[in-house]
Amino acid sequence: MMRAVWEALAALAAVACLVGAVRGGPGLSMFAGQAAQPDPCSDENGHPRRCIPDFVNAAFGKDVRVSSTCGRPPARYCVVSERGEERLRSCHLCNSSDPKKAHPPAFLTDLNNPHNLTCWQSENYLQFPHNVTLTLSLGKKFEVTYVSLQFCSPRPESMAIYKSMDYGRTWVPFQFYSTQCRKMYNRPHRAPITKQNEQEAVCTDSHTDMRPLSGGLIAFSTLDGRPSAHDFDNSPVLQDWVTATDIRVAFSRLHTFGDENEDDSELARDSYYYAVSDLQVGGRCKCNGHAARCVRDRDDSLVCDCRHNTAGPECDRCKPFHYDRPWQRATAREANECVACNCNLHARRCRFNMELYKLSGRKSGGVCLNCRHNTAGRHCHYCKEGFYRDMGKPITHRKACKACDCHPVGAAGKTCNQTTGQCPCKDGVTGITCNRCAKGYQQSRSPIAPCIKIPVAPPTTAASSVEEPEDCDSYCKASKGKLKMNMKKYCRKDYAVQIHILKADKAGDWWKFTVNIISVYKQGTSRIRRGDQSLWIRSRDIACKCPKIKPLKKYLLLGNAEDSPDQSGIVADKSSLVIQWRDTWARRLRKFQQREKKGKCKKA
């Protein structure tokens, strides 16, 4: 009998080794350590390959929580044996306080010696509807190959095996054993297993015979008869089916000889109990093909020693910064290692984008976050605005991007050419940073037109007119302080308007300002309307800050009537009065209007 038991367990271990071989990992061999590669997770060329932890009895040495144990208080129990047709009973005492007479749960998972069996034992005659449960926590997720129990008593008439995948919070059935499946568990007897239900528990009457009275075995193989077992790598259903963090065995109904209700039923009932010498859970630490062993972490929790740039207790996610493709379980063909994002050494964080991954032909989906060293882009592969590439350094260099340093006055913007570093210069300005006037231009005092053409002096004759001044100081006197506005100045000009400068454009020898005329306080023969209008000022006047004017500012403009280049705008020149607007002036200008109507401008 004992020989048959050990032959059955040996067969299960052989199945486990075969499954390990199919998955590409080591089996149970006394020479495995000698034949193994130096790094089981990489091949001889250093390329990643699938690796799995050794096959173990995950129950060995672990605590088992049981709902019933004999010996508290001490109680009699009887062992039944048969001699021919004669049934014999030898009675003993179970006493939890006496180590020689105790049958604690620790005997379930200790070293199983067939020559010196140690048995856990329940209280006597806990018959249906009462049950007895054994609950084993594996400490982490395992991929379970089999669950086996060797009995010191007759095997149960009805028994169920459950598993938990969330550390005992919820339970799902793994397997049922009963001679009355429908009555006990509301399950059909030996229902066929198909691809549609291969993740469901079945009920069978195998292993439920009362005999042998001692030494019987119940062994459940998780993949036996499952249609997708031969293609386990590509079956997420079965991968989920064999995964467990906890195992629970529920003994539901005792096998009896039917004598428990006879006159001497007390002796008979003391002969019916559950006793188990060995509980085994054969399997491997679940690491999804990305680790060759499990280790204890700082919290003494069992975790996978992850490789292939993976992380997590089961190597079930990519470690930080390795999100260039989605996490996948390793297979015999592909290690499916996690790949680092390509950020050219300029970022420490990245994220995965499925749309980009699909567009790349499922090659790359990483997006870099918070690019440093003045870089930008999905891969931190170009320079951000205001910087350009230093082609003398590789893109991975921390100084691969140089500041444009565009001149605040000479440049038309802060962004330069990404390759050459050339800033966009205003008219008449040159240099890579727009920091000097071009040939034929001279510096002015205007931030709008910092460089103006050098005037060409006309030929001198006796009848020639006075020459144009050579510099701004002799041409006009720019305002250096606050300008004052009074009735006399108001009366001397043809128009007085409040304007808002919107934008400025160069037009030949003129600057054309688009302005919004907010209020009209005086106008000459040409009618001035409120709204958007063109204001024309000669380039020389702007260059010499006569008048001094800036975009996006509001001004009070007093000028003389003059035909504009477009015949519809107004003209200002070096003689015009341009003062930055103050709201307090509106009332004073209305008074000037009233005085003008009364003819006081003629006196002024």
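In case you wondered, yes, glycine gets a Cβ from its N, Cα and C as well.
Annotation in Swiss-Prot places Cys338 in a disulphide bond whose other cysteine, of Cys318, Cys343, Cys350, is Cys318. Bond annotation: of Cys380, Cys383, Cys416, only Cys383 is listed by Swiss-Prot as forming a disulfide with Cys401. Cα to Cα, Asn417 (N-linked glycosylation site) and Cys306 (disulfide bond) are separated by 46 Å.
Sorting the domain 'Laminin EGF-like 1' (285-340) by DSSP state (H, G, I as helix; E, B as strand; all else coil) yields 0 helix, 12 strand, 44 coil. Checking each of the disulfide-bonded residues Cys338, Cys350, Cys371 against Cys287 (disulfide bond) by C-alpha distance, the shortest gap belongs to Cys338. In this structure the alpha carbons, written CA, of Cys315 (disulfide bond) and Cys304 (disulfide bond) are 7 Å apart. Taking H, G and I as helix, E and B as strand and the rest as coil, DSSP gives the domain 'Laminin EGF-like 2' (341-403) the counts 6 helix, 18 strand, 39 coil.
Inclusion criterion for the recorded positions Asn116, Cys306, Cys368, Cys423: a C-alpha placed within 10 angstroms of the C-alpha of Cys350 (disulfide bond); this criterion is met by Cys368. Least crowded of the disulfide-bonded residues (Cys380, Cys491), judged by neighbouring Cβ atoms within 10 Å of its own Cβ: Cys491.
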